[in-house]
Amino acid sequence: MYNTDIVIIGSGPVGLFAVFQAGMLGMKCHVIDAQEVIGGQCITLYPEKHIYDIPAYPKIAAKELIKQLESQAAPFNPVYHLNQQATELNKHDDFFEIKTSKNTLIKSKVIIIAAGAGAFGPNKPPIANIEAFEGKSIFYFINDKSKFLGKNIVVAGGGDSAVDWAITLSEIANKIYLVHRRDKFTAATESVRQLRHIAETGKIELVTGYQLNNLDGHNSELRSVIVKDLQNNIRKLDANILLPFFGLKQDLGPLANWGFNVRLQHIEVDNYYYQTNIKGIYAIGDVAHYVGKLKLIITGFAEAACSLHHAYSRVFDGKALHFEYSTNKYEQKQ
């Protein structure tokens, strides 16, 4: 059995920043993640997607953000347990025992849940025979945007993923159609502004008021995407790629049975220290819910700092935390 101060469940950007924050406070960390590599959705779903709201970076690719966060945490020697889920929790007065799907046992004083969307998968559009085109002409996640060079692409959806990928791929695609059932998009205001600006050039065509209806192709190769509006008007869009972005199915998995207050696959926490209803267990990032919650990476970073400062006295048996600025702490570590 391993013995540590903090167990962090999830190795996305918020989980990695929590490793750094814990290290700055002198806490040892073990990290559990169901994926084979660290990085969460940033690596698994959109490694090449640019993120625009990280301080000091006008834009940064998701995979580069993870690389930098991993490097920032590395001096504190975290132990990663990858390709396994946290499955069982045993509570004791002043510590927890966690068991994983690979029978790894870890004893820890504090648990930080930074599981993002939990176990995730795409919400697929209800189109007949869609499976025949998946992986060849239809993709729900983008790991390598170069495969779309010179293609005619239908992007479907109205949120951040759909709008951001339409903008990004417009730089290399021959033509982009963005299909959305409404006239208004729910993506970030600046992203929508960029989208409409590019649409004026003709590089992106906004097909609003329409929904996906059918597919036309042969041997897994798409030739066109058929869309329909509320009046049953049909349009055939010449395209060899379809990218549906209708969000993710969220599933807390075994965590749902650990006794937390759960609301719509999110763990409820207080909005001071982000502690769950179980003392010593915190939830941060997208998995956490509280009044006023903003689902931003930078919000998760702040939650990591607050929760770990609050956890300090539990880890060190009631010892008061003497606050220091990061300059002094990190230079001492180096």
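Along the chain as shown, residues are numbered 1 onward.
Here the Cβ of each residue, glycine as well, is placed from N, Cα and C on the backbone.
Summarising the annotation, Swiss-Prot assigns FAD binding site to D33, Q41, Y46, A86, F120, D286, T327 and lists sequence analysis as the type of evidence.
Structural mapping of features recorded in Swiss-Prot.
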residue : record           : DSSP class
D33     : FAD binding site : coil
Q41     : FAD binding site : helix
Y46     : FAD binding site : coil
A86     : FAD binding site : strand
D286    : FAD binding site : helix
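Within 10 Å of the C-beta of A86 (FAD binding site) we count 25 further C-beta atoms, all protein chains included. Cβ neighbours within 10 Å of Q41 (FAD binding site), excluding its own Cβ and spanning all shown chains: 19. For Y46 (FAD binding site), the number of other Cβ atoms no farther than 10 Å from its own Cβ, over all displayed protein chains, is 21.
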